[in-house]
Amino acid sequence: MRNVQAQPLVSPTEPMIDPFGRAVTYLRVSVTDRCDFRCTYCMAEHMTFLPKKDLLTLEELDRLCSVFIEKGVRKLRLTGGEPLVRKNIMHLIGNLSRHLKSGALDELTLTTNGSQLARFAGELADCGVRRINVSLDTLNPEKFRTITRWGDLSRVLEGIDAAQKAGIHVKINAVALKDFNDAEIPELIRWAHGRSMDVTLIETMPMGEIEFDRTDQYLPLSQVRADLASQFTLADIPYRTGGPARYVTISETGGRLGFITPMTHNFCESCNRVRLTCTGMLYMCLGQNDDADLRKALRESESDEHLSQAIDEAISRKPKGHDFIIDREHNRPSVARHMSLTGG
């Protein structure tokens, strides 16, 4: 890696502003398209992964992230695929942590399936990672193996324990799936809140190849919330984490529950984020196909000025909203790329 010594404390940079007046302060970076699970709503079972030569190096990822931070990004989330299966990923995380120490970055975090957490939790905490999201749709070992196609639930639970013992706050992300985990959502909430973990429920999104009718899988969170309201006392709160979730508190558990509703309640009006893939493609919107090739700009010049200009041009094309829709007639997604490539 290039010289990444800690810099003195810096003043916050003015954020990038998109055509609709929204400040872009949040960068999600997919560091790999590979994963040790094959979740049915995320990727195909026999996935064809990108050749390693097409991936940005760790040094290039560091440089790109650093330019975004110089341009006003305050929150950086590493995703995948599964970010912790990327070789030498802790070198990248350790180097990016200098931006926390300098004050240029408010938060460095990641979304993980939890399979590698037992191994890396201590190092993550040492690098200044204070919060992580763990994707977990069920506490039933057989169902877990079905949805992930071969995942080991006990390994994930061990990873969550390790993260909490290391002082990392864990939030559980669960995709609500009709006739799969809808009946056990209350149990998942009680379990998580009993361990001081927030829960965020997510509507399934029409992305990537699908092996069965996506409409059969889709469960509107408005329905889930109504069902939960018959068991719990829900109260809306203004709590935000920088993402699109809207939160409530549950009186009976004392915990927080978030709802991410791309289908039933468009969250685009407050969108503050862009997504960078492991190949250097920048997506200004999760639900649009428009992209910008930052790898080309990165490799054309050692100067960051050309790269900065390419980022500015991309931000100028950030759309007002996504085009997510489930095509009920042809059983196909509105966005063809897999979530594992875009960054979950």
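Backbone N, Cα and C atoms are what each Cβ position is placed from, and that goes for glycine too.
Features as listed in Swiss-Prot:
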DOMAIN    19-245  domain 'Radical SAM core'
BINDING   R28, R77, T111, K171, R273, V274, R275  GTP binding site
BINDING   C35, C39, C42  [4Fe-4S] cluster 1 binding site
BINDING   Y41, G81, S135, M205  S-adenosyl-L-methionine binding site
BINDING   C268, C271, C285  [4Fe-4S] cluster 2 binding site
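Annotation note: R77 (GTP binding site) sits in a strand segment as assigned by DSSP. When the C-alpha distances from R275 (GTP binding site) to the binding-site residues G81, M205, C268, C285 are tabulated, the minimum falls on C285. Taking the Cβ of C268 ([4Fe-4S] cluster 2 binding site) as centre and 10 Å as the limit, one finds 17 other Cβ atoms among all the protein chains shown. The two recorded residues, C271 ([4Fe-4S] cluster 2 binding site) and K171 (GTP binding site), have Cα atoms 21 Å apart.
C39 ([4Fe-4S] cluster 1 binding site) sits 26 Å from C268 ([4Fe-4S] cluster 2 binding site), counting Cα to Cα.
Taking C42, R77, T111 as the binding-site residues under consideration, the smallest Cα distance to M205 (S-adenosyl-L-methionine binding site) is found for C42. C268 ([4Fe-4S] cluster 2 binding site) falls within a helix when secondary structure is assigned with DSSP.
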